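J.: What follows is a structure written as structure tokens; I'll ask about it next.
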Amino acid sequence: MAMSSILNADDIKKALDAFAVAGSFDHKKFFEIMGLRAKSFDEVKKVFLVLDADNSGFIEEEELKFVLKGFSKDGRDLTDKETKEFLRAADKDGDGKIGVDEFAALVKE
């Protein structure tokens, strides 16, 4: 499933452009710009399933590094620091990965 079937393509581009520079990623602003915060749980879950590249039911740190590419092939890789900060913000149970409920809660922050 393509992200553009869930989110507006222009909003995705705006969000990716806003964080094109390495070290600039802010998940709260990213989700807000692309309109994900206003989406229903089911729509957020669809986004989660696209980002869960290995279909494990979790977004692990290695998948998180490529999260922007999940929204568009033109997205950049997150830096190690951005990846770790993103994981730390979302991983509420401390298991080192992000479940769908943790992801949904992060999106709505």
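Even glycines carry a Cβ here, placed using N, Cα and C.
Summarising the annotation, TrEMBL assigns domain 'EF-hand' to 39-74, 78-109. Marked as Ca(2+) 1 binding site by TrEMBL: ASP52, ASP54, SER56, PHE58, GLU63. Per TrEMBL, the feature Ca(2+) 2 binding site maps to ASP91, ASP93, ASP95, LYS97, GLU102.
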J.: To see if you understand the setup: which same-chain residues, six or more apart in sequence, place their Cβ under 8 Å from that of GLU63 (Ca(2+) 1 binding site)?
T.: LEU51, ASP52, ALA53, ASP54
J.: Quick one: Cα separation, GLU102 (Ca(2+) 2 binding site) versus SER56 (Ca(2+) 1 binding site), in Å?
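T.: Approximately 15 Å lies between the Cα of GLU102 (Ca(2+) 2 binding site) and that of SER56 (Ca(2+) 1 binding site).
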J.: Grab the same-chain neighbours of the domain 'EF-hand' (78-109) for me: Cβ-Cβ under 8 Å, and only residues 6 or more beyond its ends, written as numbers and ranges.
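T.: Residues 22-23, 25, 27-28, 31, 36-37, 39, 41, 44-45, 47-48, 51, 56-61, 64-68 contact the domain 'EF-hand' (78-109) from elsewhere in the chain.
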J.: Checking distant contacts: for the domain 'EF-hand' (39-74), what same-chain residues at least six beyond its ends satisfy Cβ-Cβ under 8 A?
T.: 1-3, 6-7, 12-13, 15-16, 19, 25, 80, 83-84, 86-87, 90, 96-100, 103-104, 107-108
J.: Can you tell which of ASP93, GLU102 has the least company, meaning the fewest other C-beta atoms within 10 angstroms of its C-beta, among these binding-site residues?
T.: ASP93
J.: Could you state the CA-to-CA distance between ASP91 (Ca(2+) 2 binding site) and SER56 (Ca(2+) 1 binding site) to the nearest Å?
T.: 16
